[in-house]
Amino acid sequence: IMAEVGAGGPRLAELLALGRRLWDELEASTEPSSGAPAVQEKVRQGLDALQRAAAMVAQLELFSENEELEEIASADLKFMLLPALLGAMTLKQVDLSRRREHLESAREHFLRFLKLCKNYGLGSFQLPTGTPGEEEARSPSAPRDPAQPDLVAMAMSRTAKIERYKQKKELENKLASMSSSMESGTADEDQIREFYILQIQKWIGISLEEIESIDQELVIVRSRDAARQAAAGPRGSSRTARTPMKPFILTRDAAQARVFGAGYPGLPTMTVDDWYQQRRKQGIVSQQGFGEPGSPPSSSPPAGANDEELQKQQRETEEEEDDEEALQKARDWDDWKDTHPRGYGNRHNMG
């Protein structure tokens, strides 16, 4: 059956090997950016090979919920890694406009792999539940206070992470010691089976970590999308213009405002030009004094000015003259002090 499925194209084992090789190259890549064209081309080729291999596995029905782990041939165990590799390769895509789609697709691949392993009794772990964003949407009536985190859950999560890290290191050491015999082809049936089971257990830990990371990123992505939809409006139109607010008075009531005022200066009721025009009509200012910009002010008293205005102008002129005299005296005194030290000419009580 496998030969028929692979007729006219790569065989199932070849497709898995190609996808696994591309994944290893991506992990060992020294490219500064994951969005480089060469990197994304490998991601595209890896996804294509792994998706074709997964379709062949589904057509061959290699795995079933009604069989035990011992019933699976040792050579077929490696095909159990296909969903996990698909999830990891999906996360390598960098299209930000489709990031939520990629995250949700990768989570489905990892969850499918974990369910398959759980069905065959590979590893002791708890399947992840719905994402935090979905759980909050389903039960909005009982939101969790972020200021009071669940310390018990945090401690359990930390303990599980430490245990997974220790298991991962042990599995990597065992796989490294068995890789030479696998590559040389000298491994027997039991060693081949143990090698593939160790790889599956390693990817169980990777899948649990990736799902936890995906859930955290999905919360951010979903809140960002919700904010964009709220800003765009129900029909995608731009935000409606804000209605102007009516002026308000910073007093206790309107009656107090009428008596004591609003508590701050009122808004201007006329422009500067309007004020000049009004003063000119009243005869207080002359046409020559405030006519064209830059024209010197008139020194003569305005026409129609009364005695009070004339006296006020005279006092201002006298004050300016007094100020000039006082300023000149102060300057002369400063000049004298520059050339005469303190105590100059004082002969009192000197022998």
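Keep in mind that glycine also has a Cβ here, set from the backbone N, Cα and C atoms.
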Per TrEMBL, the range holding region 'Disordered', considering 18-38, 228-248: 228-248
Outside the compositional bias 'Basic and acidic residues' (326-341), six or more residues from its ends: residues with CB under 8 Å to it: none
